[in-house]
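Worksheet: one structure, shown below.
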């Protein structure tokens, strides 16, 4: 009887139990007062609980409540890009003076709790989503439509990896949704500032739920995923980042305790896995040719990957990038533990050239780790071990990549070849050499031609001519020592066969150091 009276039975913090001769439905919204709403999150034959959005001091036991038509259907307005919004689409902050939202919106409108598409609506992942980070794009390749967990202790660079990936999409058509779940205001400001400074605000929606609003924290990942589905179904690829699901899980635990739901390990409810699987399984690559790539972020304590939440999300996703505080303490950033990280799509999203060289880099890394204990000894090692140690040390230097300094696919491929060839004489000035090559290959006329050839030849089925590439890189590196040793700017540009613009850029960067 939908016309029956519904009243509040009890109030526990932000959870309200209601009763009445009414056919309660999960996810239904109720009006408690003029500015307080409730969301039906648990219903059975005996009890019904609402999650409250608003000040519970304004309501009391016995108050009659009214069911609403709303069931959290997300409508994605195109003016959301470049702004921070909440689950209702209200603008919380915008760099632009115009904070009004026009009526121009994506056609599709999905429910926040839409059931994930079946296998018949999905296709195999075969396109890369490049992060610009050497260690990930070479050793842990990610595909469009992949669900890739970012897991690690606080302050180990998880958010930085996500932001770097976002920045690397600047030149393509991928839309981005960054979901802030209970982040501190200072962290949120820093993220938004980075998005604006890196000129990706025009393609990014930043959604935020404050740490003191459990209602918004509970709902925001589901609402954000509905926005991602709206965009994807309109013919655009989407990257969605949940930062972080640890805060979301903590809200689920609080709700379970307040509603008397049975809890288990770490006091989490038994349906914790289901709560996150029904969210993350909505990502993927679909038959319309477009995708939703998902990066859930989870915090660990003391690098412990065996916690319930971490193991749950790892079993749902298609791989994990593990950051480690001990690696960070060694000064290596991003602090990715390659031994514990994995991408289950692997070479299926890499070109033949990248896949081939990635295998060689992986071998060098693993063999170096096996022989690392001999690296600082005076033992008489055989040539193969010495070669592995030399290449391994150089590889570790290259893995230490500056924040937001994205490497293109062709540059990553060239760096990987350099490591395998062993043409860096030693591990000194590795960063300077990379900067030199970066500017030459990006800005110099001859360098651009070389990169274009590498891009073309390293397509899905193409192969790079290693002999030609090696000869050209050796020629460029032969000039590095002379350029690095120049003490003044009164040098003969023509001596190095490089454009004046590039030579100035390279030399200025080296002088800065």
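Any Cβ shown, glycine's included, is placed from N, Cα and C.
DSSP assigns residue 158 (ATP binding site) to a helix. The ATP binding site feature in Swiss-Prot is assigned to 152, 153, 154, 155, 156, 157, 158, 159; the stated evidence is sequence analysis.
Of all Cβ atoms in the protein chains displayed, 22 besides its own lie within 10 Å of the Cβ of residue 341 (site 'Required for activity'). Residues or ranges marked as site 'Required for activity' in Swiss-Prot: 341.
Same-chain residues with CB within 8 A of the center of the 152, 153, 154, 155, 156, 157, 158, 159 CB atoms, the ATP site residues themselves not counted, are 299, 323, 325, 328, 335. Fewest Cβ neighbours within 10 Å among the binding-site residues 156, 157: this applies to 157.
The binding-site residues considered are 154, 159; of these, 154 has the fewest other C-beta atoms within 10 angstroms of its C-beta. Using a 10 Å Cβ-Cβ cutoff, residue 158 (ATP binding site) registers 26 neighbours. Under the DSSP three-state reduction, residue 153 (ATP binding site) is assigned to strand. Between the C-alpha atoms of residue 341 (site 'Required for activity') and residue 157 (ATP binding site), the distance comes to 14 Å. Other C-beta atoms found within 10 angstroms of the C-beta of residue 153 (ATP binding site) number 19, with every protein chain shown included.
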